[in-house]
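J.: Sharing the feature lines straight out of TrEMBL:
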DOMAIN    22-292  domain 'Protein kinase'
BINDING   Lys51  ATP binding site
ACT_SITE  Asp139  active site, proton acceptor
BINDING   Asn144, Asp157  Mg(2+) binding site
Amino acid sequence: MASVQYHGEPSLQLKDSDLEPRDKWIELGRGAFSVVYKTFCNLHNVDVAVKEIKRGNERHEIQKLVTLSPHNHVVKIKAVLEMSGGKTGIVMEFCDYGLQSLRDKLGRNFIPWPRCLLFMQHIMSGLQFLHRNNITHRDLKPENVMVTNSFTCKIADVGLAKAYHSKSNSSSNTQVFCPSGTPFYISPERWKRPTAVGTQTDDIYSCGILFYKMITNADLFYMERMAQDESFFSMLKMYVVDEKYRPETSELDKGTTLAPPIVKAVISTCWDAKPENRKTFDYWTSLLRQEIAKTYTDEVIREADEELRQLVRGSFDDNRFY
Ligand SMILES: Nc1ncnc2c1ncn2[C@@H]1O[C@H](COP(=O)(O)OP(=O)(O)O)[C@@H](O)[C@H]1O
Ligand SMILES: [Mg+2]
C-alpha cells in the first residue's frame, strides 16, 4: 500500500501501519470488480476485510456509507483507503461466511426454521435501514449477505451497485438488454425497462428470490447452470415477466418440516409482479419480529442453532462455527 488517506470518522482513522503488511493479507473472495482480503487491524485489535476495487469512481457512494451510523445487519465500513495503482480499499468489519457458501455446505438439509426466520428478519432489517437512508442496494443475492459465526446476517456490497450501473453486462448489439444486477434476482419491471435505475421495490423483489434460494438452494427458474447467452436472457426475461413462471413454492416444504406459512407469504408477496403489492421492509420486519416472538422461545432458537452448527460442523476447513 503506497499512501493511505483517511475519509471516515476520526475515531476510525487508519494509517498504513495499522494494518498487517500487504503480503500477509489473505484472499477471501473475488467479484467482478474487486478482490476481498482478510487482514488484521492493530489499532482496533480485530480482523477486518479489505475490499480492493479495481476502478476508482465509487468514492461518492462509499462516502455516504462511511458516514452512515452503524447497523447490526449491514456490514460496517470502517474506512476508505487510497491504495497503490489508483485502487480503492474499503476496510470493513470481518464476517465469517457468505450466506451462499453456508447454504452450499448444508446440501439437502434446510436451515432450521427458527434461525431461517431470524435470517429473514436480519436481512430485511438491514434493508429497511438502508431504504430509510435512501440507499437502494440493487444487487441483492445470497452472495451479498454475510453471516457471522453467531449467525447474524449482514448486508454486504452496499451502494456499489449503482456505481457499477454504467458497466452492466448489457451490450447494444444483443437483442435482449440485460439490466445491471444479477440476472436471476432482477425484477420484472427492470427487465421491461432495463436502462432505468433500480428502485426500492426492485430490492423487495430480489429479496423474495434471495429467500427462496436461501431456503431451497434450488436452481432458479431451472436456468442457473445455463450459459448466459442471448437466448438465455430472452427466456429468463419471459419467465420473470410472466408471474406464472415463479419458482415452485412447494420446494419450500422439502425440509424435514413444512415451511411456516409466513415464509410462503413473505416470498410470494415480495416477488409479486406488481411493485405496489410487495409491501415495504418496515411492514415485513415488524411482522417477522412479532411472528418469531410469538412462535419461538429462546430455548427453541438455541436448539435450532445447535442443530445448524451440527449440520455445518466439519464442512468448513477450520470449523469456525463452534
Ligand atoms: N466483510 C466481509 N467479511 C468477510 N468476507 C467478505 C466480506 N465482504 C466480502 N467478503 C467476501 O468477498 C466476496 C466478494 O465480496 P463483495 O463485497 O460481494 O464484492 P463484489 O462487489 O466483488 O461482489 C464475498 O462473496 C465474500 O466471500
Ligand atoms: Mg458481491
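The chain as shown is numbered from 1 upward.
Every residue gets a Cβ built from N, Cα and C, even glycine.
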J.: Have a look at the recorded positions (Asp139, Asp157) and report the one with the fewest Cβ neighbours inside 10 Å.
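T.: Each of the recorded positions Asp139, Asp157 was scored by Cβ atoms within 10 Å; lowest is Asp157.
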J.: Would you mind reading off the Cα separation of Lys51 (ATP binding site) from Asp157 (Mg(2+) binding site), to the nearest angstrom?
T.: 10
J.: With Cβ-Cβ distance below 8 Å and at least 6 positions apart along the chain, what are the contacts of Asn144 (Mg(2+) binding site)? List them in sequence order.
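T.: In sequence order, His137, Ile155, Ala156, Asp157 meet the Cβ cut-off.
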J.: Going by DSSP, is Asp157 (Mg(2+) binding site) sitting in a helix, a strand, or coil?
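T.: For Asp157 (Mg(2+) binding site) - judged by DSSP and reduced to three states - the answer is coil.
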J.: Out of Lys51, Asn144, Asp157, which binding-site residues lie by ligand 2, with a C-beta less than 6 Å from some atom of it?
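T.: Once distances to ligand 2 are taken from each Cβ, Asn144, Asp157 fall under 6 Å.
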J.: How many other Cβ atoms are found within 10 Å of the Cβ atom of the residue listed as 'ATP binding site', counting all protein chains shown?
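T.: The residue listed as 'ATP binding site' is surrounded by 24 other Cβ atoms within 10 Å.
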